């Protein structure tokens, strides 16, 4: 592949290639020949696409101006603010469910066969023998869907019927002001106007929006928070058009009746998104987005209906059976000579052999899947596991790729401060007491140090270790968004100098567990955060003295900037200081030159620590006033506000003093390492997709060079960042996937939720292998829904991933047993169950074919009425379904030898080879049963029916026993129960059997001999195979 290093050259190259097809299309002749040879199809597709676009055309979303208390002034119409998660309504329920069922070939096939029985010339048997099984399947499906719909309706009704206090008499939804109390859900997207908290802030819980359990601090609009009466003002809110991004917002608040007019910029901290919950106090807000325009609804994607690989394979086999049925019918009609109304006889043969495709296949498999789900949830070794999608338990036994998140999935999401590096000296967990002694010593001399301070900086001198530790700890204690919460207090009180800040009932709330870990560490070394509100922050020294700071500005952390900052003024001295902390890649160009930062960051990263660089800059009063004026002006901008604000902040981020480097550890969950080793030995390739950093900016040319260099390496793990990944997926998708799939492990760092889902889809398309995604946060939902099998962990980041997943577990180590034991059993059991049910239909079709060929190719059924219904239900259903209890090896053995799992990914338990073996067995047994009955019967034809049907039932029961690999007591009960039901029903089957004949010895020895000939050779073959060519699992079992 040629390598081009210039981005511009690539752009030109792409544009050239894009223009070629258009030129060819324009030169193509659009004549009659073109129309006949495919042109009509193009025109039809274009018309259909146009109609679809017209039907799906969405309302264009626009920015809007919302007047407080005057919704009639709003030009924009707002959608109805109600939640609706139902799939159907009253009119579409029946058509919708029927469409979902009959889009499968199996159900559609039986519908056609059942409908054909209304035609007298095509009628073969009783109507109930065709319509009863089909109706039973449809009734079960519709009942299940109806129950689900009723539950969805009840949940929606409960959410939509919640009452809120409305503070305006008008009836329009937007522009209304509403009052929300503690623990109340926000019903629509709103701007936060006022709170009962004196500091003008409140906490909200967002676990149902972004999956994070940490409380978020929201700030009321300053103008309205100070007003005693919100109805006395003439004001409006300008809001940007509805967006997907839940972490950003741009708007303005304007009060027109003030002189001069009051303009206040609005950001994400002034918003209350729908589906969040008020965690403290009461709040008043004005609605700006409702219904489908809210952030929560815009970010809601419909989960795709997942279909397991086993279902697809069985669907292909049923199509092959249909083809065989059609061929058999044509052969029978051909031997008859195609005389008379041959097409009618041909269709009668098709109906006659319809049992070759059993309708009970779908019922048995669905019931089996429900049983597997019940077994998983009842397993005491994996407590708390929930099966949310009962249709794909077999997928757990076919996985090749496992894509996992890191934080909260492999780790506990519990941050512990491990390392503080000052450049010349490093402190670990065993030397924290030294830091504490330095902090105590420095604050004991704080009065002396403050008296010696000068407003003008003196000559640069090398600072002592004690003073450097003092500044580093102080910076860590100030630069954050953590708020202390006191459980004993109903609401946060205004900080006073003599306020009692007790350590017993204090907890810290923040949007990041890293920040909480840092603040808790500063508390452990003597500097405690005791109070914080919108404008101030207070620290308590080891001696108990309260240090007060005014918060002038806060610059929150964003994924783009990768850093956060705060400007504070110390009240005792009036000094203004700009503190900043962030990722090393973002801070390296901001701090002053040093020769140790990059190296130490690499050392900490190799230890698995999450690093943060902390720096500061002292500001004069003039510098800050100049910055504040430029910053406020940028925040009021309507267009490109983010870029303008970032540019102003970056003017401060120059030549900052590097204070320290911190290392925080997120400890692994229990048994993560042995579980990963278990999965790798099972042949599962593990990809870790994480939001943590590996910061390398790569362009297109560099990406190609790296890929070519990596191709020459062997047995190496691939580690790639999100930026590099985006370049590779855009330009070298096939090459990247080819190389990545050869690696034993892949780590993708700084991945966005969309990129995670894109990687999953890419693996499915390029490898055709089954993928599993596991995560614990809201940012993992897209990946979980895109994978063939999604597993969610109920962690500290909330339940959003767990609720969106197909399977929910409580710890990562449970995935080993879930896959090795339950996944393996579910797949092998379903494969055996599906093939046996098809065998049950093929054997009776083989008997029908033999019967028709002997009796002059007559399209007359061998068994009619209740015999056919009973054969598929009470006579054989219980033993066949008992195969869901079968297992080849014990769970302990499956966990001890994970290599057994590798065989499952090859699909050998259900393949065309195994299917062909079952076809040959069915043809052999069907032929023996039918020919044996015809040879041994003496006088009346009814004896043929009695002998062959009884031998058929016994053969099926013996075949179940032949298929079982490990007996369960319920299997024995099912065998004898079915046999007892058949023997008991003989007394009521005088319409089909001669009751005097079936009680004689000739009947018994004839049935026994035919059954013995049909089953004994198969038992001998199974014994010889176990003796001379045993399978891997049978060796372990022995």
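Every residue, even glycine, has its Cβ placed from backbone N, Cα and C.
Caution: TrEMBL annotation is automatic and unverified by curators.
TrEMBL assigns the feature transmembrane segment to one of the listed ranges (299-319, 320-340, 383-403, 404-424), namely 320-340. Cβ neighbour count for residue 407 (Mg(2+) binding site) (all protein chains, 10 Å cutoff from its Cβ): 23. Only pairs six or more apart in sequence are counted, and the transmembrane segment (969-989) with the transmembrane segment (863-885) gives three or more Cβ pairs under 8 Å, enough to call it a contact. According to DSSP, the domain 'P-type ATPase N-terminal' (72-131) comprises 31 helix, 0 strand, 29 coil. In terms of C-alpha distance, the listed recorded positions 405, 776, 780 place 405 closest to residue 610 (ATP binding site). Only sequence-distant pairs (6 or more apart) were considered; of these, fewer than three Cβ pairs between the transmembrane segment (128-147) and the transmembrane segment (915-935) are under 8 A, so the stretches are not in contact. Within the set of recorded positions (405, 776, 780), the lowest number of other Cβ atoms found within 10 Å of a Cβ is recorded at 405. Ranked by Cα separation from residue 557 (ATP binding site), the recorded positions 405, 407, 776 are led by 407.
Cα of residue 779 (ATP binding site) to Cα of residue 405 (active site, 4-aspartylphosphate intermediate): a span of 10 Å. Confidence over the domain 'P-type ATPase C-terminal' (803-1031), given as mean pLDDT on the 0 to 100 scale, stands at 87.
In this structure the C-alpha atoms belonging to residue 405 (active site, 4-aspartylphosphate intermediate) and residue 776 (Mg(2+) binding site) are separated by 8 Å. With pairs at least 6 apart in sequence, the transmembrane segment (941-962) and the transmembrane segment (915-935) have 3 or more Cβ pairs within the 8 Å limit; the two touch.
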